[in-house]
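J.: Swiss-Prot lists these features:
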{"type": "BINDING", "residues": "Asp8, Asp10, Asp166", "note": "divalent metal cation binding site"}
{"type": "ACT_SITE", "residues": "Asp8", "note": "active site, nucleophile"}
{"type": "ACT_SITE", "residues": "Asp10", "note": "active site, proton donor"}
Amino acid sequence: MIKALIFDFDGLILDTETHEYEVLQEIFEEHGSVLPLSVWGKVIGTAAGFRPFEYLEEQIGKKLNHEELTQLRRERFAKRMESEKARPGVEAYLNAAKDLGLKIGLASSSDYKWVSGHLKQIGLFDDFEVIQTADDVEEVKPNPELYLLAAKNLGVSPAECLAFEDSVNGSIAAKRAGMKCVIVPNKVTGTLMFEDYDHRLESMAEMELALLLDHLNSQN
């Protein structure tokens, strides 16, 4: 029986990932190159040491000013995020979870400052009883440590948790932790190949939480 929901953050609650990829793609195109999604997709949802501007240098065969490009990336990303809201259905799921008496947690490979800042900006920070980030663990996703820690601090077993993820690395982490996992891919991650999950939604607005839980609980 599912007693807790644990949400990813980037790309799942707030679609930072699509904007991040599109900003990088703009910069790559301005330098006569492209950033293939097949390359970028491998690092979504984790903290892999991929350095996009080093990759760009390799593609075009010349040195670039990383500091200037990083600043440009930040400015363009911030501009895009000014009016960004939670993905469709997120707030409804959080409210429904509270009505159903479920515990609510968050597990993100990003750092706490990033996650908490964005959650406060969209007014959802107080909805989470537990927020686990990269600051709390030795290894982020696809390692299951973030999910296991979130479950522990919510006072439930991993088997009693339902994880919501948008990335391949995130879904791997949730399943390795022994949780059920619903994937809700975004514009970017929707093109990636997911292997192990329990249900797929294109949006949380697609199905009411109570119906989703009934469906998943019936699989036991």
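Quick reminder: no glycine exception, Cβ is built from N, Cα and C everywhere.
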J.: Including all protein chains shown, what's the count of other C-beta atoms within 10 A of the C-beta of Asp10 (divalent metal cation binding site)?
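T.: Cβ-Cβ neighbours of Asp10 (divalent metal cation binding site) within 10 Å number 22.
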J.: If you skip the near sequence neighbours and keep only those at least six away, which residues in the chain come within under 8 angstroms of Asp166 (divalent metal cation binding site), Cβ to Cβ?
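T.: Long-range Cβ contacts: Asp8, Asp10, Gly11, Leu12, Glu17, Gly45, Ile183, Val184, Pro185, Asn186, Thr189.
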J.: Tell me the Cβ neighbour count for Asp8 (divalent metal cation binding site), meaning other Cβ atoms within 10 Å of its Cβ, over all protein chains shown.
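T.: Other Cβ atoms found within 10 Å: 29.
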J.: What does DSSP call Asp10 (divalent metal cation binding site) in the simple three-state scheme?
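T.: Once the DSSP labels are grouped into three classes, Asp10 (divalent metal cation binding site) ends up as strand.
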J.: Please classify the secondary structure at Asp166 (divalent metal cation binding site) using three-state DSSP.
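T.: Looking at the DSSP assignment, Asp166 (divalent metal cation binding site) belongs to neither helix nor strand, so coil.
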